[in-house]
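Here's what TrEMBL has on this protein:
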type: COILED; residues: 54-96; note: coiled coil
type: COMPBIAS; residues: 20-29; note: compositional bias 'Basic and acidic residues'
type: DOMAIN; residues: 110-192; note: domain 'Thioredoxin'
type: REGION; residues: 1-29; note: region 'Disordered'
Amino acid sequence: MVDRKAARVRGQASNCRSPRRNDHPQRESKVAMAAASGPADVGAILGERLLTTLEAAEDRVDEEIHHLESMEEDELEKLRRERMEQMRRIAKQKAEWHAAGHGEYAELTDEKDFFKLMKKSKRAVIHFYRPSTWRCDVVDKHLGKLAPKHMETRFLKVNAEKSPFLVERLRVMMLPTMVLIKDGRTDHAIIGFDEMGGTDDFPTEALEAVLLRHGMVFESACG
């Protein structure tokens, strides 16, 4: 009887030591298939899949680049149209200024024409001078340089001795005096050279800066 029990115990122990089989049949099957295929076939399959993925990614990048290029072309075309329109407006404005006498430093010989001329110009610098006053020659030199540079402003000179009505109307008390007319009205008067530093040899840029400060010339044309 003891022998039978011992035999049963040995049998149970033998069953405990035996390994379990077929726990993951699908995994074992895939491993077996890959092993059977060989390393060369596995590498070819991976390479093909990688190539397909890269081609798809490249196609997506090409589509995005094309989209961006299309957007940029549209924006550039819009900017070109806006620039062309701006250039047409500037050309038209310059033609109007030129027709009104802008771009040159001229003398007003008949004071009766003064108010008629002022209606044609939004900005005007009127130099009241006297031939015997040499500082008036200094102003002439500088305004002669600024007139062609600043087409946006009309530059004129008036002989004070021959224009008593304008001298009284515009209250010109000292020579040289530059009367600044804006929108048909007297905006300011530059009397003498104090605003340019108080010296006789001030540079043209000093007078230009004063006119800019008073809104008589455009900054874009300075420099």
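Residue numbers in this text run from 1 along the chain shown.
Note that Cβ sites are derived from N, Cα and C of the backbone, with glycine treated the same way.
Unlike curated entries, TrEMBL annotations are predicted automatically.
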Secondary structure content, the domain 'Thioredoxin' (110-192) (per DSSP, counts of residues): 33 helix, 26 strand, 24 coil
Stretch-averaged pLDDT - the coiled coil (54-96): 81
